[in-house]
Every structure is written in C-alpha cells, then in structure tokens.
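Database features, via Swiss-Prot:
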| type | residues | note |
| --- | --- | --- |
| BINDING | G153, G154, A155, G156, V157, G158, K159, T160 | ATP binding site |
Amino acid sequence: MATGNVGKLVQIIGAVVDIRFSSEEIPALLSAITIQGPDGLVTVEVAQHIGDDTARCVAMRSTDGLVRGMEAIDTGAPITVPVGRETLGRIFNVLGEVVDEGKPVEAKMHLPIHREAPSFEEQEAATEIFETGIKVVDLIAPYARGGKVGLFGGAGVGKTVLIMELINNIAKEHGGLSVFAGVGERTREGNDLYHEMIESGVIDKTSLVYGQMNEPPGARMRVGLTGLTMAEYFRDQEGQDVLLFIDNIFRFTQAGSEVSALLGRMPSAVGYQPTLATEMGALQERITSTKKGSITSVQAVYVPADDLTDPAPATTFAHLDATTVLSRQISELGIYPAVDPLDSNSRILDPATVGQEHYEVARGVQEVLQRYKELQDIIAILGMDELSDEDKLTVARARRVQRFLSQPFFVAEQFTGMAGKYVPLKETIRGFKEILDGKHDDLPESAFLFVGSIDEAVEKANKG
C-alpha cells in the first residue's frame, strides 16, 4: 500500500515529529506515515505542512527511541482499520491492531478512520424511545434510538458503572451490537470490562477499542474515530441499530489540547485548543441515524472540578439529545445510580413522543423533588414540625420517590450482594404514578431503596 515516498525525521518533540520529504512528494494531510523504530513500527499522522517540504505529524505510539535522520515511509492513505463481524469479541488499539493476545483478525474489509458525515438526504430524525431498563433514565431523561446521550459527572460518581450496566442490559434485552471506545481511561477498567463481558456472555456482540491513559495523545485523539468507523460499518453495510459507547469524551478533547500547543497553535479559553468545536463536530456529526440503520451513542463526560461551564463539557452539550447528570450530593446519600432527576433532561421527553401519561408522571416526579429541595432549608433551620400538612406530605412522597429512583445493577452484583434488576418502562411509570397518587404513603421509606418494580417495594415492606 506504501507509495514509496521516503522522508527523513528532522525533529522530534514529544508526540509531534517533523518529517522532510522532497517538495513534490509531500504526503497529504491525515495520511499515515510509518517509521521503523527500535521497538517496532511507529505510525504517525500528518497534521500540518510546514514550508514546501516538511510534514508535521502526530505519533500514535510512543516516540521513545526515534532519532533524527531515520527513514519515514508514506503509506499514501489515512489510518485504516478492520471492520465487520470478525471484530466482535476482540480488543483493538487505535490502528486496528489486536491487543488481546489472540490471533490476528482476518477482516474482509478495512476502512479509513477519517470519513465524511452522512448527508442530509441520508439522515433520519430519531423520535423513538430506546428502553434501557434503568428507572431514572427511562422516566426522566429517556434516550432516543439513534440519538446522542451524555453522562456528566465528576470523578468517582459512577459514569463507567452506568455505561457497563447499559451495555449489559442492551445486549441481553435488545440483542444489539455494541462498540466500546475507551478513550484515555484506566487500563484496569478496560480489563475489568472485558472480563465482565466474557462472564455475562455479551462479549460476542461487542467490539472493544482502547486508547488508555498511558497512550500518547495522538492515540487518545483518534481512538474514538476508530471505534466510530467500526460502528458505521454495522450501520451502513448491515443495517444494524448499533450502540457506540465512548468513555470518556473529555479525554478526546484533553488529548487534542495536549498536541495543540506542540503543533504551534495559540491556546484558547482555559488553555484548550482553538479548534475544540471543530474537532468535536467532526466526531459527533458522524454519529447519527440513516435510512439504513442507526448509531445510538452514550458518552461519559468527565466534568473538570464539577464545573459544567468548562469549555470541554459545554461544547459537548451542544451535540446531545439527552443528558444524564450524575450528582455527588446524591451519591453521598447512598442512592445509586446517582442520577440527578432535576438536572438531567431529554429532547424526547415530550407528550408527542413518549405519551401523555409518561410525560405527566416524569414532570410530577420533578415537581415533588423540586418542592422538597426548596423546603430543605426550612427543615434544616426550623425542623419538620413547622411545615404545613400539605408540605409534610410532599416531603414524605419526595423521599419515597428519591429512594425509588435507586436500583440494583447487574454489573455491581459482586460488590453490593444484591441481584440486578431490569425494569420495563410500563412498570417504571406505574410505580412512580402510584407513589405520587399516595397509594404507598403507609410503606416505610426504606422499602423503596434498591428495588426494581413497585411490587418489590411492597413485598420488601411486608417482609419487614
């Protein structure tokens, strides 16, 4: 595949290398170039042309051991990765190489990681609800089939656990294919996820692509595109409804900001790259539904210092159909998943899409929780006795609703000792409607904590 163009390394600064070619043979932007390093082949991607004859490139592997004067060979094409059924059950790196110590993948087809987003004619608007079996998500911030969902949260509030539960539920209940792109997260989590998928039997329906924290920024910047390319194949060639999980989209931005200064760009707000919105758009616009199939994407978004106005999460917000916000205050109450029902929202929580009953119950839940939040200052200063009877009832119901929003997860069984629960949407709506209507005012609050359906809460209270 190589064009035979040979260049020479003239400068190496961390993850960025400059390669000099003869002026008429300089490789195109985004071309892959290979360099034979002491520890194997190093692939770099052309990011800029400097002068007439120099290509400034970003490395996909560590540049340790590279020296000036080494030969670099132009492949004449962007990075291409294997796609198709052969990729299921395997772990890949950014270059599409197998990293699970298994035998190499013999895919019938390879595709470049840089592609145009589908045109307007090819796209299809998503209005259908995608059931996850997680009560708080399905009720308050329902996901659209073929939509984009963001999981926002600081460090350690449960973003990755929620993603793992979604993978588990969707593989078991919907039998759909998933692609998981691990972008700049912990190697241990990637390893745990792989082994849990083997144990739960969902590995055969999933392709995994990892570029962990210890990888150079070039790999972390491009690994999301590698996963997306694999998902696009299932959507376009096989007409599948694919799930694309990205954990963590913030690390994609972070990697871009690491190489941006080395590429000589002036930093923008808070030190981020000036091309932040463009880079994010190039990735997000390819995640969409077409007339052939859909890609439903769930993206964990790390929020630096819990500040939602930071440019990285703020830029991500613009692309999302639903946001699931994880709150430290709720996790401190011991309620998991720690989803904030007042901060989370969805574009499809609309009577025309979800139906009148679902809409009214969801808004009723938010109303009662909002009133409880307003009353908390009064309760803290004066105590419950100073509230009117109506407010006392609101608080009692709000506390039951708050606890009923918790749920035991399948993927956390080994830590919690509680069996996981999948709750159908109809059961979720019925349960919250009955609590709001006061049918369960006689049950103790503890009965609602970590149960599936409302019938289980009643059963738990009766066992006492």
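Positions of Cβ are set from backbone N, Cα and C atoms, glycine also.
Features recorded in Swiss-Prot, as mapped to the structure shown.
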{"residue": "G153", "record": "ATP binding site", "contacts (Cβ under 8 Å, 6+ apart)": "K159, A300, V301, Y302, V303, V325, L326, S327, R328, A338"}
{"residue": "G154", "record": "ATP binding site", "contacts (Cβ under 8 Å, 6+ apart)": "Y302, V303, A305, D306, L326, R328"}
{"residue": "A155", "record": "ATP binding site", "contacts (Cβ under 8 Å, 6+ apart)": "Y302"}
{"residue": "G156", "record": "ATP binding site", "contacts (Cβ under 8 Å, 6+ apart)": "none"}
{"residue": "V157", "record": "ATP binding site", "contacts (Cβ under 8 Å, 6+ apart)": "L326, S327, R328, S331, A338"}
{"residue": "G158", "record": "ATP binding site", "contacts (Cβ under 8 Å, 6+ apart)": "L326, S331, Y336, P337, A338"}
{"residue": "T160", "record": "ATP binding site", "contacts (Cβ under 8 Å, 6+ apart)": "E185, E189, D247, A300"}
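Compute the center of the Cβ atoms of G153, G154, A155, G156, V157, G158, K159, T160, which mark the site for ATP; besides them, the chain residues with Cβ within 8 Å of that center are Y302, L326. The secondary structure of T160 (ATP binding site), as reduced to three states from DSSP, is helical. Of all Cβ atoms in the shown protein chains, 27 besides its own fall within 10 Å of the Cβ of K159 (ATP binding site).
Secondary structure from DSSP puts G153 (ATP binding site) in a beta strand.
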